[in-house]
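Asker: Following this message is one structure expressed as structure tokens.
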């Protein structure tokens, strides 16, 4: 007979061969392959139903034992309490840390935040520079103020995770108009400068880049040029992705040495981007999630870190009426935290997104003009930066994941 049990809203299936083979064979346990075709189809349908029944507010890999193992086991693994699959883990909710930072800062536009290997937030700011309608030539995207030279003060500050006080600063006389910052697991800094139309890999406090993508102050759409690049995502394999950006509406994938591997999108891939403003990697799912800002959505094509299989297939797409223009995305396990920016009458806030179900599963925070987001899986902390026209508006918020 077939028994269907419900525990905590999740269906478990237990198969018994007693009535099928008779009492004299009650000690014989059928394998999956030995089952009749109709019963194998039944179990396949149950597997699909189990996946569909998973609550959208939880994230967990399927830990159910295979039916082969369950049927082969002397004690049915699904019925044995000691072998029941792990309970799904609740998705952490960001909760604001009040009165952080404990000291007041006078930053310029804080365009990016990342987290160093020690768990400290690192911000990238523009000091006394602003991006407005007079910053670029609208025809050819040339930066108007090259003759002013790079920003003279430090543009990168490491903050103490507990107090928010400045631990160190660097990046003076290096950058013209900061935008993106990502720190990889080895402590390398990956930076984009929209005025220089370049992306860099650097070691902390060292002015000489290890890798440079793009031609200085020469925007373009060839493989040797970038145009106002926005963001970089780095895999543990060393491969990295550059969001390019405000003009070219594309993502470039490189190997660890900086050799171009792929352009997203490319034929026959159908993925129209409108200002890919931020990117993040979900390596376990092999997805690259993109804040497709002006399309008001998050799209997650295959990253191709494990294999090229699936590259070019339709991307997972999260697009709901309250999402608005998405400015920042950050991966945490198999979910994405995101922030939107001012969009018509929509609330400006944070979102918790499940790319597997392509849904928004939570809302949190309240902002005015957020620009970037970063999350640390090791310390369960999340940071959001905002930009504005004065020092009071340019700030960083800290959240804890609970």
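We count from 1, first residue shown onward.
Cβ coordinates come from backbone N, Cα and C, glycine included.
Got these off TrEMBL a minute ago, pasting:
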SIGNAL    1-16  signal peptide
BINDING   113, 181  Ca(2+) binding site
BINDING   126, 246, 293  protein binding site
BINDING   179, 277, 371  Zn(2+) binding site
REPEAT    224-257  repeat 'NHL'
DISULFID  227-247  disulfide bond
DISULFID  289-300  disulfide bond
Asker: What Cα-Cα separation, expressed in whole Å, is found between residue 293 (protein binding site) and residue 227 (disulfide bond)?
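Answerer: Between the alpha carbons of residue 293 (protein binding site) and residue 227 (disulfide bond) there are 16 Å.
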Asker: Measuring C-alpha to C-alpha, could you say which of the recorded positions 113, 126, 181, 227, 247, 300 are within 10 Å of residue 277 (Zn(2+) binding site)?
Answerer: none
Asker: Measuring Cα to Cα, how far is residue 247 (disulfide bond) from residue 179 (Zn(2+) binding site) in Å?
Answerer: 14
Asker: Sorted by position, what residues of the same chain at least six away from residue 371 (Zn(2+) binding site) have a C-beta under 8 A from it?
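Answerer: The list for residue 371 (Zn(2+) binding site) reads 109, 110, 111, 112, 327, 328, 341, 385, 386, 387, given in order along the sequence.
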Asker: Here are some recorded positions: 181, 247, 289, 300. Which one has the most Cβ atoms within 10 Å of its Cβ?
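Answerer: Output for this query is 289.
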Asker: Do you see any of the recorded positions 126, 246, 300 whose C-alpha is within 10 Å of residue 227 (disulfide bond), and which ones?
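Answerer: Those close enough are 246.
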Asker: On the 0 to 100 scale, where does the mean pLDDT of the repeat 'NHL' (224-257) fall?
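Answerer: Per the prediction, mean pLDDT sits at 97 for the repeat 'NHL' (224-257).
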